[in-house]
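Peer 1: Residues or ranges marked as active site, nucleophile by TrEMBL: B:THR194. What TrEMBL lists as substrate binding site is B:THR157, B:LYS183, B:THR194, B:GLU281, B:ASN404, B:SER409.
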There are 2 protein chains.
Amino acid sequence: MSSQRSPLAPQAFPDLPAIGGVTLRIARAGYKDWDRCDLTLATLSPDTAVAGVTTQSRCPSPEVEWCRKALVLGQARALVVNAGNANAFTGRHGREAVETITAAVAREIGCAPSDVFVASTGVIGVPLPTDKAEAGLAAAFSADPCGWEEAAATIMTTDTFAKAAHASAVVGGQRVELVGIVKGSGMIAPDMATMLGFIFTDAAVEAEFLQAALRSANAESFSCITVDSDTSTSDTVLAFATGAAGNRPLSSEDDDGADAFAAALADLCRQLAHLVVRDGEGASKFITVAVEGAESDASAHRIALSIANSPLVKTAIAGEDANWGRVVMAVGKAGEPAERDRLSIRFGATQVARDGLAVPDYDETPVAAHLKDAEVEIGVDLGLGDGRATVWTCDLTHGYIAINADYRS
Amino acid sequence: MSSQRSPLAPQAFPDLPAIGGVTLRIARAGYKDWDRCDLTLATLSPDTAVAGVTTQSRCPSPEVEWCRKALVLGQARALVVNAGNANAFTGRHGREAVETITAAVAREIGCAPSDVFVASTGVIGVPLPTDKAEAGLAAAFSADPCGWEEAAATIMTTDTFAKAAHASAVVGGQRVELVGIVKGSGMIAPDMATMLGFIFTDAAVEAEFLQAALRSANAESFSCITVDSDTSTSDTVLAFATGAAGNRPLSSEDDDGADAFAAALADLCRQLAHLVVRDGEGASKFITVAVEGAESDASAHRIALSIANSPLVKTAIAGEDANWGRVVMAVGKAGEPAERDRLSIRFGATQVARDGLAVPDYDETPVAAHLKDAEVEIGVDLGLGDGRATVWTCDLTHGYIAINADYRS
C-alpha cells in the first residue's frame, strides 16, 4: 500500500449530490490486517435498472461471472464491494463466497439474490473469507448511511486518493444527476471495462438502453486508458439507475433527453477514467496520446495503445526526455498499417518530425519545456487516412517498481 | 550507458576459435562523444553465403531495408556495424549514409555494394554522419585484425558485457565451427529477429539452406526472448558461411551433416539469445516461462509472452514475491483459449496452483527459496491440449527505470 497521494490527484474530493434511491454504508470486514473500512454496501430502491461491462480476461473472478449472469435480468437492489481480496482464482470456495454474500443481502432486504451485485478487489488466489464477509455485512446493515467520499475511500486498494465524479443532464424537462466512484491504479489495461467503477443516477432508464449507453461511454473512456498493459481478472463497471428523478423512463436513443443522458454518462466515465490514470501506480505525468491519419479508428486505437504501453516511451516521459525515436519504435511495432516516410510526430504543440524525419532546424527547447509539465501530449499523424483515437496513460517511474516489487500480504 | 556489469553476466568472455575466411577489425568513428571504438568491420572471403532475419517493425531503418534487398542475392563480402546511432527514421539522409558506406567498402575490397551488409544501433532519428563513417572505415581498413572480444565489445550500446557464443558440428566428416556475437539489452521484443546478431561459420552452406536453418533457429531462440516488449527498428540477425572448412556444401536438410549443422546453429542462437536476456536493462533475474497444455504451440507462445511481458509479473519476480495471482492475470489477458478451472501453475519445481485454485496446504517456503535464485522458472499448464512453448525474459527493476529515464546523449 502506497500512502503518498499521487502528485496528479485533484486538489480535493468533489462536491457531489445525493442520488435519490441510493443509500451507502461502509463497514470493517477485516479482509486484510488493516485499520480501515473495506466493505461497501449500496442499497437501491425497487425498480432500479442496472447495466455493466466486465473484463475480457479469460480467467475472470466469480464476482465477474455472477454480475454477468445477473445483468441479463437488468434489475438491482444492492451492490457489495469488498476491498483487499479479489477472490479470483479461488475455485469452488470463491463461488461459495459470492453466493453467501448475495444470499445474506437478499435475505436482509427481501429481494432475489440475482438483484445483488458483488465486486471484489485485491490479492488474487485467496478465497474471500465468508465469515468476515457476513460479519462485515451485518455491521454495514446496522451502520448509519455515509457519503460518497467514505464509499469511494472504502473501495480503494493501492489507490492513493478517493475517486469520484459527477455529471448531470436534463431529460424530458427533468434534471437528472449521475455520480460515479471508481478505484484502480495498477493492473490497468483497457480490454473492455478496466478496474472497478460504480455509477449511480436518479434518472429513470430502462436496462437495455442503459446498457447501450454504458457500452458506448466505456468505449470512449475506460477502454482508452492504460497504466501497465495488465488486465485485471475483476474489472467491472456497473451503472445503476434508480428512477427517483421521476423522468419518463428512457428506453431508446430516440427518446427526448436520451442524447443528453448518454452524453452525461460519457462525460462521467471519461472523468472517472482520467482519475484512474491520475492514480496510476508511481505516476508523475498524465499522458495523452492522440493518433490521427490512420487507416481506421480501430487501427489508430491500437497504435495509440502501442505507444501508451511502451515501457521505453513511458520511461522517456518520466525522464522528461524528448526521445521521439521511441514513439517511432512504438508505432512500428504496433503491427498496424504505417508508412515510415509519411509519419509525423509532435510533443504538445511542437512538431518534432514530419514525413519520416526530424523537422528542419528542430529546436528541442519548447518540447523540453512541455515535458516538464505534469500533463504531456504525444501527437502522431500516420498520413494514411481518417482514422483517429485518443488514449490516456501515465509514465513509468521508480514508484511503479517500488509499489509492485513489494505489494501483497 | 550503464557501466555496471549485469549480475547475470557470465564470469568471463568465452574462448572462441577463429573462423576461416573471416577477418575482424574495429575503429573509432566517433558517432557519439565517447572514448571507445564504435565501428566494426568484418571482411569475408569470396563465395561467402549469407542469410538473415530482420525486424517486423513497420518503421525499419534503411540498414534493415538494405540488408533485406541484399539478402536476396545470398552472397556477402563484408559487414559493417555502427554503434551509437541507429540511423533509423532519418529519411533520405539515412539512405544516403548506407549507400556511402557500402560503396566505400565495395571500392576498397573490389566487390559489388550489394555484397556489403550494414547494421547500425543507437539513438533513433539522427542521420548517421557520413563523414565520420567514411573516416571510421578508412581507419578500420588500415587497422590490424582483432579478435572476437574486441568486435563483440565494439557493437555494444547500453550493453554491460560483450556477448558471444560458440558451437560446432561435424558435416560430412569435417568439423565446422560457428561463432556468434550479439548486442542488445533494451528495446527487446521477439517479433522475428531481435537486436543485432552476427553469426560466422567456416562451413560451406548454400544461401538458401542457410536461410532456412537460420529462420528455424531464430524461431526457437531470438523470437522467444523479451526484455520490455518493445521492438527495435533495427533488429537484424545475419549468418555468414565462408566455406573455409572445405566440407561439401550443404544445400538441403537431406544432406549428410545438415541436421548437425542446423542443430549447432540453433544451439548457438539460443546461447546468444540467452545472453541478451542476461543483459536485459536492469535485470537481476533470468526468468524461464514454460507453457504447456495449450491448444497449440502458437497459442502457448502467445501466453508465454503475455506472462513474460507483464510488468506486474516482472516486478513481482524482482521483489522475490511468489505472487502467482499475477501469472493467472497474465494468462487471462493473453486472449488465448484458457479455462480458469483447469489452469495449473508452478514456480521452479513447486506446484502452487492446480485446477484453478491454490494447492491444498500450499507451503510458500520452497517457492520463496527458488525466487531468491538468479534463475527463476514459471511453469503453466493450461490443461487443454498438447501445445507448448518456452520463452525467456528478465525481471523489471529500478535499474530499467534508471537506464531508460536518462538514456540518450
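A Cβ is built for glycine as well, from the same backbone N, Cα and C atoms used for every other residue.
From a predicted model like this one, the values you see are computed outputs, not experimental measurements.
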Peer 1: Quick one: give me the count of other CB atoms within 10 A of the CB of B:THR157 (substrate binding site).
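Peer 2: For B:THR157 (substrate binding site), the count of other Cβ atoms within 10 Å is 22.
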Peer 1: If you run the three-state DSSP split on B:LYS183 (substrate binding site), which class comes out?
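Peer 2: Going by the DSSP assignment, B:LYS183 (substrate binding site) falls within a strand, counted as strand.
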Peer 1: So which of the binding-site residues B:LYS183, B:GLU281, B:ASN404 end up next to chain A, with Cβ to Cβ under 8 Å?
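Peer 2: Cβ contacts with chain A under 8 Å: B:ASN404.
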Peer 1: Per DSSP, B:THR157 (substrate binding site) is which: helix, strand or coil?
Peer 2: coil
Peer 1: Could you tally the C-beta atoms, other than its own, that fall within 10 angstroms of the C-beta of B:GLU281 (substrate binding site)?
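Peer 2: There are 29 such Cβ atoms around B:GLU281 (substrate binding site).
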Peer 1: Please classify the secondary structure at B:GLU281 (substrate binding site) using three-state DSSP.
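Peer 2: B:GLU281 (substrate binding site) sits in coil per DSSP, no helix or strand.
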